[in-house]
Amino acid sequence: MAYTQTATSSALLETIRGNNTLVNDLAKRRLYDTAVDEFNARDRRPKVNFSKVVSEEQTLIATKAYPEFQITFYNTQNAVHSLAGGLRSLELEYLMMQIPYGSLTYDIGGNFASHLFKGRAYVHCCMPNLDVRDIMRHEGQKDSIELYLSRLERGNKHVPNFQKEAFDRYAEMPNEVVCHDTFQTCGHSQECYTGRVYAIALHSIYDIPADEFGAALLRKNVHVCYAAFHFSENLLLEDSHVNLDEINACFQRDGDRLTFSFASESTLNYSHSYSNILKYVCKTYFPASNREVYMKEFLVTRVNTWFCKFSRIDTFLLYKGVAHKGVDSEQFYKAMEDAWHYKKTLAMCNSERILLEDSSSVNYWFPKMRDMVIVPLFDISLETSKRTRKEVLVLKDFVYTVLNHIRTYQAKALTYSNVLSFVESIRSRVIINGVTARSEWDVDKSLLQSLSMTFFLHIKLAVLKDDLLISKFALGPKTVSQHVWDEISLAFGNAFPSIKERLINRKLIKITENALEIRVPDLYVTFHDRLVSEYKMSVDMPVLDIRKKMEETEEMYNALSELSVLKNSDKFDVDVFSQMCQSLEVDPMTAAKVIVAVMSNESGLTLTFEQPTEANVALALQDSEKASDGALVVTSRDVEEPSIKGSMARGELQLAGLSGDVPESSYTRSEEIESLEQFHMATASSLIHKQMCSIVYTGPLKVQQMKNFIDSLVASLSAAVSNLVKILKDTAAIDLETRQKFGVLDVASKRWLVKPSAKNHAWGVVETHARKYHVALLEHDEFGIITCDNWRRVAVSPESVVYSDMAKLRTLRRLLKDGEPHVSSAKVVLVDGVPGCGKTKEILSRVNFEEDLILVPGRQAAEMIRRRANASGIIVATKDNVRTVDSFLMNYGKGARCQFKRLFIDEGLMLHTGCVNFLVEMSLSDIAYVYGDTQQIPYINRVTGFPYPAHFAKLEVDEVETRRTTLRCPADVTHFLNQRYEGHVMCTSSEKKSVSQEMVSGAASINPVSKPLKGKILTFTQSDKEALLSRGYTDVHTVHEVQGETYADVSLVRLTPTPVSIIARDSPHVLVSLSRHTKSLKYYTVVMDPLVSIIRDLERVSSYLLDMYKVDAGTQXQLQVDSVFKNFNLFVATPKTGDISDMQFYYDKCLPGNSTLLNNYDAVTMKLTDISLNVKDCILDMSKSVAAPKDAKPTLIPMVRTAAEMPRQTGLLENLVAMIKRNFNSPELSGVVDIENTASLVVDKFFDSYLLKEKRKPNKNFSLFSRESLNRWIAKQEQVTIGQLADFDFVDLPAVDQYRHMIKAQPKQKLDLSIQTEYPALQTIVYHSKKINAIFGPLFSELTRQLLDSIDSSRFLFFTRKTPAQIEDFFGDLDSHVPMDVLELDVSKYDKSQNEFHCAVEYEIWRRLGLEDFLAEVWKQGHRKTTLKDYTAGIKTCLWYQRKSGDVTTFIGNTVIIASCLASMLPMEKLIKGAFCGDDSLLYFPKGCEYPDIQQAANLMWNFEAKLFKKQYGYFCGRYVIHHDRGCIVYYDPLKLISKLGAKHIKDWDHLEEFRRSLCNVAESLNNCAYYTQLDDAVGEVHKTAPPGSFVYKSLVKYLSDKVLFRSLFLDGSSC
């Protein structure tokens, strides 16, 4: 052991001494590698050739000053000021290094030849000829270019490639390369450039006035300007000559003229303004506009050249804190008292920020001046007695050392000689340990005598002042002043005989008869002080004139003093009062006196309230005998009508509206609307009606239909106005690039806060500065909408493009008599014809254009009829006898003819029945022919919440004629028509096979280049139409828009992969789409749907059978199971039998083909192959496109083959695909919805349907915020979550509209066959930070608890943390003897379909439960326009609304939305049982209940792609609910259980055991086999191919209950 320790110590000592050869070799190798790396790095620097002859010292100067370049000194060119000229090239390259390559750059006064030689084709040089020298310099640059080109030509060489673009640009467009205008007036255009713009100024800013520099940069949209200029700190002293030793140049100053020249050279001098240069040095901010400013920042000083940059700053982006709108009256009065003091100080304020205010900045940017002070030196001529003064920079430490020492001298020792001796001694040497080492202070020896005199004089005067302060007395016959002069004369001897006169002239002393006052001057000033004084002497400091403002403030102060006598005057809103006086141009004192008179009841006007609260104002302004000012009142009937002139004089305008019986107090007198101008500036509130659903119509059916039509117009207008008002209230400054269907114009800035997709809107809603809302008829000029001074914002929407509803209401109002419409006695004949039966042809053959009228719904159809009628060349069909319905209603009475003999209405069944009745009445005809198709698209009520009863949809006619022979449709389509119409449908077409379909791989594959479409292009939805138009297709329409049209060839396109309710086998839209063509129709779709099935069926019909159209329908029967026992479930233990093959067989029978998929490498394939994606606006960080590789750990291999996938690795592509297929794939199906009013009605139904009657009102004594609620929330959180809140101070709210985005690594298995044709997207999670959850989590937890406590739990189950046993108890009292309909609402894209309407419904529910208004508004804004950031994948995007899958209200919010949706559509008062959970629902209704069109209601109101299924057994949250005669049992879905057994993410055997236990818990009910037969029936309802499955249920129980046996379902992946 001792030997080992000795050997180790010896080796260590050898290593330390450097005798270890191995260590030495390693060290040398390491040193060599480091040197190689360093030299390689240096070799990569930009190369600069220095051709001018310079000395070795100058070579070292250039190399040290610019280490960024690899400089090669050739010394081949003699020139004047060689170093400065060579450095200029380095300075230019250094400036250009700061600019991104290729960005448009302005070189102010630059050398365009240098840029051409470097190949910079993106630089424009502004080279004005300010003097003769500039012309000479420019010609020299041109000569250098000619010389270069001649050399190339002489050597038969071409311009190098890197220079070619620049030289071509100079040859073709020299004005793009260089101009001779000043930078302020440069006319260079930037039309084709969209990036950031830069500028450089190399020794050229001297000639640009500093006050114009910022504006000039902004004019060119410059982002950053880099500048370089010569300067010296000594220029700020009183010296008139300053040397720049490094470049052998000098500055000479004469007043404001500053001259620059090179020493010992005959070159011309450069002359500039000293004060202008001083501004560039001292100022920090250079204003460019009232919003933007350029901020200067010094970069570096190199070889007497100063580098800086000017950055563009938008001051509107400064953080301004939280806006405070309240008014503190005490502070206002106090401010008024101090007004004159403020006036005095504000007048002296400087509007510029200069670096002089910060001494640390001065020291930093003038590093040589850090420890220097400026000391004055004096000299006097003996001949002329003229004093001269100059200043020098001296180290502060040197000055204090001298002063502190000589201050200790006794009076006899304080002589000039002693001071000079001491100064010379400390300047000459420093003694260290008795040895002379060096001089500590480097002070010029030529200054020592003058400095010594200054120090001596200062101390002498300071001593005299101290003595005079101690005592004032006379000494003998001489006064104190005489003694002082004696002392001074003795000190200076005869050298300065006139020192007394000099001191008096210098104002250092003040003498009277017997007294002497001495003012000791400052020995020195700091560099900072001199810089400040010099700048203020050279620059006129701006003064702020606030006299006018102070006068206005004085007037306002007097007015407020007048108002102070009012009661509660401290709550008076001063801001609103001031704005009112300014907008109305009213004197504040006059307005104040009027207000005092009104409030004191001295004006003749009596107000019924003491305080102007909202309730009191509403009470005072309620309708009595007069309408409010500007009101457009909706009335049900006329009363005694006064004259229209009197109504207009009062600013009233009444509109015939909801015609049903409602309380009479809701309405006022009704006037006739004579022109559209009466709508202008009517108050928006008068057009918004909230009682659409409580209407009772009276009279004959036709009269009721006509009243309903008028009311529908009012409801449509009300919804449009209401939504526009809501938009104005909700809109803040939104991203200007965002385009929406609606638009909001900011009047002050003339910019769209939200850009609308349409233009030239006819009307809109205006928000005034007084926050009032009015409907305005808009006018336009070349600049846009013409606005008024008191308008603040204008909102428009697609409904406001034309005057349609307004003009129709005006016309129909004139037709009413005593509030009742008149019904025509004309005969009405309905011509019911199949598609293509020749309805239009028949109309043209029967019509007499001279006395008849043709009306059609659309403009295209009207043009087609005119074109066909005038085909012979004789014009018979005009705009007077062939018109659209809208045109006829809007312009009634304006044409030449008002009465017609016969009326022909084409596609009349697409119109409101009341509209048809009005058309018959208005035409004054004897007979009316209404052509239509009872099976095609009927009238669709697009105003959600407005009642359109089913019996109103039936048109009352006198006679019905049928047309069952189609002249258009081919034979295969006729075969389909026979399934839809009564009677035999025949065709005349020779075409037999005309329809076909093509499945496309995705929406992105349909574009005009790769997929040109034949014939007319049709879509089912507006979103698909807009998508095709945006990709370049033309003449695209929806099926609804072309009803009644005929085309030879049709291409029908569906791009929406999610379910669309109107695409169904019995849908009228499908019928219309199949019957538009005469030759061919091809259907392009991205998914399988009913239309594909229809087309495939038609393709299989035999040609010889196409004339046989009979279809037999089978009878549906339902098996009834009688009851045996009651009250509890019969239990029969499940035998444990079966094998793995049983589970595999059952899975393959239910989902054939899924188990054969080899999808382990689908994710890899997607990453490695080319992929084309259509995305919405988002920001992608492409550095995250390749995920960091991770070691793949082996997982267990399942023996059961299912469609389960391997866990995927998150990354840019994977996350983006998930975002596209989920967040970016939201449907747009909803119609016109009056959001606020409809939401209020829906919530009324929610509370009436689900809540106990005694708990429908919120508990006011209930506190949402309490320690208990917070503790309950914390108890549910993990420890990691609590740790994230450690640094949260809860002082302010975090950004509630900011969300993070992530995906689940494991794809969700679908129990269908979609996995065989598509790559399933991962589930996305959009979530808040824990800080936000800590605020809103306890809040919504308490609200949820309060809601669940109020639910009628005997009838409704809100599935929140319920066990299967509790579900069984809930459904256990169902009586199987009572016939029931089991309903399930299946909603596709549930989260992503939720829009503004869903948010309004949910917020209204929370509000009624007691949510505080402020937090409710915060939560609302946090779910309106939101920003998503995925830091893992590098994705950032913006979403409007949508349900966030990770915030605190995700689950309960989805639950209340699905419950609200069903309550608004189904008769919940008849419901037996109902359960809701997220997007799942299960409802039990009595057999035979009538249900509305759920698909249409879900589409138009809720934007849901929904289907309502009637079943025998319920399916709820992955479980089958089996009700029987004893009660109810809940079975977990066995197919879902088998799918989970194919999981490929099990890590190890311990993970497998946890997996088994979780499956045992959810599948516990399978241990009871008593109701396996009913379970088979329930599974068979969902999966049609499922066999009886008791054998597989037993097998599942067998493997799940045995830990060892369950391990046999998996293999160890590490051993495979």
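In case you wondered, yes, glycine gets a Cβ from its N, Cα and C as well.
According to Swiss-Prot, the protein carries these features:
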BINDING   Gly833, Val834, Pro835, Gly836, Cys837, Gly838, Lys839, Thr840  ATP binding site
DOMAIN    72-281  domain 'Alphavirus-like MT'
DOMAIN    801-963  domain '(+)RNA virus helicase ATP-binding'
DOMAIN    964-1116  domain '(+)RNA virus helicase C-terminal'
DOMAIN    1380-1493  domain 'RdRp catalytic'
REGION    50-441  region 'Methyltransferase'
REGION    830-1085  region 'Helicase'
### Query
When the domain 'RdRp catalytic' (1380-1493) is classified with DSSP, how many of its residues are helical, how many are strand and how many are coil?
46 helix, 33 strand, 35 coil
### Summary
Mapped onto three states, the DSSP assignment of Thr840 (ATP binding site) reads helix
### Query
CB neighbours of Gly838 (ATP binding site) within 10 A?
17
### Summary
Long-range Cβ list for Pro835 (ATP binding site), cut-off under 8 Å, min separation 6+ in sequence, same chain only, gives Asp933, Gln936, Thr966, Arg968, Cys969, Leu977, Leu1071, Val1072, Ser1075, Arg1076
### Summary
Whole-number mean pLDDT, the domain 'Alphavirus-like MT' (72-281), equals 85
### Task
Under 8 Å Cβ to Cβ from Val834 (ATP binding site), same chain, six or more residues apart: give me those in sequence order, or none if nothing qualifies.
Asp933, Gln935, Arg963, Arg964, Thr965, Thr966, Cys969, Leu977, Tyr981, Val985, Ser1075
### Message
Long-range neighbours only, meaning 6 or more apart in sequence with Cβ under 8 Å: which ones does Thr840 (ATP binding site) have?
### Response
Ala861, Met864, Ile865, Arg868, Asp906, Tyr931, Gly1044
### Query
Taking the mean position of the Cβ atoms of Gly833, Val834, Pro835, Gly836, Cys837, Gly838, Lys839, Thr840 as the ATP site, which residues outside that list, in the same chain, have a Cβ no more than 8 Å away, listed in sequence order?
Asp933, Arg963, Thr966, Leu967, Arg968
### Message
At a 10 Å cut-off from the C-beta of Gly836 (ATP binding site), count the other C-beta atoms across all protein chains.
### Response
27
### Query
Going by DSSP, is Gly833 (ATP binding site) part of a helix, a strand, or coil?
strand
### Task
Can you check which residues sit near Cys837 (ATP binding site), meaning Cβ under 8 Å from its Cβ, same chain, 6 or more apart in sequence, and list them in order?
Arg963, Arg964, Thr965, Thr966, Leu967, Arg968
### Message
Using a 10 Å radius around its CB, how many other CB atoms surround Lys839 (ATP binding site)?
### Response
23
### Message
If I restrict to non-local contacts, at least six residues apart, and a C-beta distance under 8 angstroms, what lies near Gly833 (ATP binding site) in its own chain?
### Response
Lys839, Tyr931, Gly932, Asp933, Thr962, Arg963, Arg964
